[in-house]
Amino acid sequence: MTTVTVAVPRTATILRLLIGRGAFRVGVQVTAVALVTVWDGPAFSLYAGAVGQCAWLLLAGDAPEKAALKTLPRTRRLGPSVARLSLAMAAVPTLVLLAALVPVAVFAPLSAATAYLAAGTWSACTGLLMAVSGLHRLRGRPGLDTVAFGATGGVVLAVTAATLLVGWAPQVHLLLLLAGTLVVTAMAVAALPRDWLRRPPGAPRRRLLGKLARLTWLLGVADLCDALCFALVYLVLAVSGLAGQSGTLYLALLPAVAVCQVVVYLLRVTQPATSHRLRGVQGRSGRSRARRLLRLGERLGAGFAAVFALLLAVPVTRGHLTAGEPSVLALGPLVGVVLILFLIVMYAGYLVENTNNDVLVVTSSGALVGLVATGLLAVALVPWLGALGALAALALSIPIKAHTIRRMMIFRELERTTCTY
């Protein structure tokens, strides 16, 4: 039976892992900047809108990975079954989207539907590769993670270079990215242990599948809602007739997205050790620290709301905020606010999720409230302020999410204490 590694990797190993993921992220960043020079405004807006609105599909593989990284360090006998089911759940979205993409790409290769389906399948496949890489790290072979994403980064750079030379349309560019990522993912899956790929006779499945599916859903809802918040503001921009600002918003968010991805990856690398440390009664310390972080997020968010309201109330500053499409640099300060608030609340949720399964309802409920708040704020602000309003909606919704999670945690603690008497 394959053994599971719980300890935090050594610093040198983490650096190598970051190099592999960094190669992939640099490829994506360079792609976005380089393609501005080869495509006209509508073509780049199509690309940015497709990638931005489909980014949440990356989490189709992220949720099963989180479930595996949390569960496998706490179980031994069921380890292979957990790994197999996690892999299967991560692969389903990619296979479904691929089945939908093939006929559309054959009969309408240059349609917007092809661009969106290709971007969605690419995101889902990248999420699957992340899940597979997480399983490789758990079995003590982190080097395969580095190789897989280093190779994927090479694919991204090669396809981008070819697009710059040939002038391929966004649909062709996305289809080639998907093809290369599929090849790397298939090779990574083939390198997994045999007992993690094939189900032996008599292995438990039905009851474990139900429990693991519920855990995966609850762990994935928070990240899914966070990603949908970003997709939602792109959608409101398009509906409001401001689709041309999608490219500006996309470029402004690129550095923040890169930082978040590095932080999320580091949390995934250390999650097995965190899950092992915060199990049982030790989870109280994790939840206590999470409440303090959530309170900090609320206070910072309230401060931003006060400053933003003041800027809108003063005629001079309001005129500057509403004067046409903002530049990427002008959006920078607001992107920084969103990044700080997001990281604080995300880490608090990470601590809560790795304590016990009972509190997962709290984080998922808070994420749903945050999604609704983002939608309402986006509808109110985006038609008026454009990309600036999209960022403001994100910044204002995060403290609402933090407040919801913190209050629900306090209520559950009080309820648990009351039931003991």
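Including glycine, each Cβ sits where the backbone N, Cα and C put it.
Long-range neighbours of the transmembrane segment (44-61) within the same chain, counting only residues 6 or more positions beyond its ends whose Cβ lies under 8 Å from a Cβ of the stretch, are 32, 35-36, 90, 92-94, 97, 112, 115-116, 118-124, 126-131, 170, 173-174, 220, 223-224, 227-228, 230-231, 234-235, 238, 243-244, 246-247, 249-251. If you look up TrEMBL, you'll see 44-61 (among others) marked as transmembrane segment.
Taken from TrEMBL, the feature transmembrane segment covers 82-108 (among others).
Annotated transmembrane segment per TrEMBL: 114-135 (among others), in sequence order.
With a cut-off of 8 Å between Cβ atoms, the residues of this chain six or more beyond the transmembrane segment (147-168) that come close are 19-28, 30-31, 34-35, 37-38, 126, 129, 132-133, 136, 176-177, 180-181, 184-185, 187-188. Annotation comment: TrEMBL describes 147-168 (among others) as transmembrane segment.
What TrEMBL lists as transmembrane segment is 174-194 (among others). Long-range neighbours of the transmembrane segment (174-194) within the same chain, counting only residues 6 or more positions beyond its ends whose Cβ lies under 8 Å from a Cβ of the stretch, are 2, 47, 50, 80, 83, 87, 94, 98, 101, 105, 109, 114-115, 118-119, 121-122, 125-126, 128-129, 132-133, 135-136, 139, 144, 148, 151-152, 155-156, 158-159, 162, 168.
Sequence annotations record features per position, and here TrEMBL assigns transmembrane segment to 215-237 (among others). A Cβ distance under 8 Å defines the sequence-distant neighbours of the transmembrane segment (215-237), meaning residues of its chain 6+ beyond its ends; these are 49, 52-56, 58-59, 62-64, 66-67, 70-71, 86, 89, 243, 245-246, 249, 253, 342, 346, 349, 353, 357, 360-361, 363-364, 366-368, 370-371, 374-375, 378-379, 382-383, 386-387, 390-391, 393-394, 397.
The annotation transmembrane segment is assigned in TrEMBL to 249-267 (among others).
What TrEMBL lists as transmembrane segment is 296-316 (among others). Tertiary proximity for the transmembrane segment (296-316) is limited to same-chain residues at least six positions away from its ends with a CB under 8 Å from its CB atoms, namely 337, 340-341, 344-345, 348, 392, 395-396, 398-400, 402-403, 406.
Taken from TrEMBL, the feature transmembrane segment covers 328-352 (among others).
Beyond the ends of the transmembrane segment (359-378), by six or more residues, the same chain brings 215, 218-219, 221-226, 228-229, 232-233, 236, 287, 349, 352-353, 389-390, 392-394, 396-398, 400-402, 404-405, 408-409, 412 to within a C-beta distance below 8 angstroms of the stretch. Annotation source TrEMBL lists transmembrane segment at 359-378 (among others).
The transmembrane segment annotation in TrEMBL covers 384-402 (among others). With a cut-off of 8 Å between Cβ atoms, the residues of this chain six or more beyond the transmembrane segment (384-402) that come close are 229-230, 233-234, 236-237, 240, 242, 245-246, 248-249, 252, 294-295, 297-298, 300-302, 304-305, 308, 321-322, 325-326, 330-331, 334-335, 337-338, 341-342, 344-345, 348, 366-367, 369-371, 373-374, 377-378.
In terms of C-beta pairs under 8 Å, the stretch of 114-135, 249-267, 328-352 lying closest in packing to the transmembrane segment (82-108) is 114-135.
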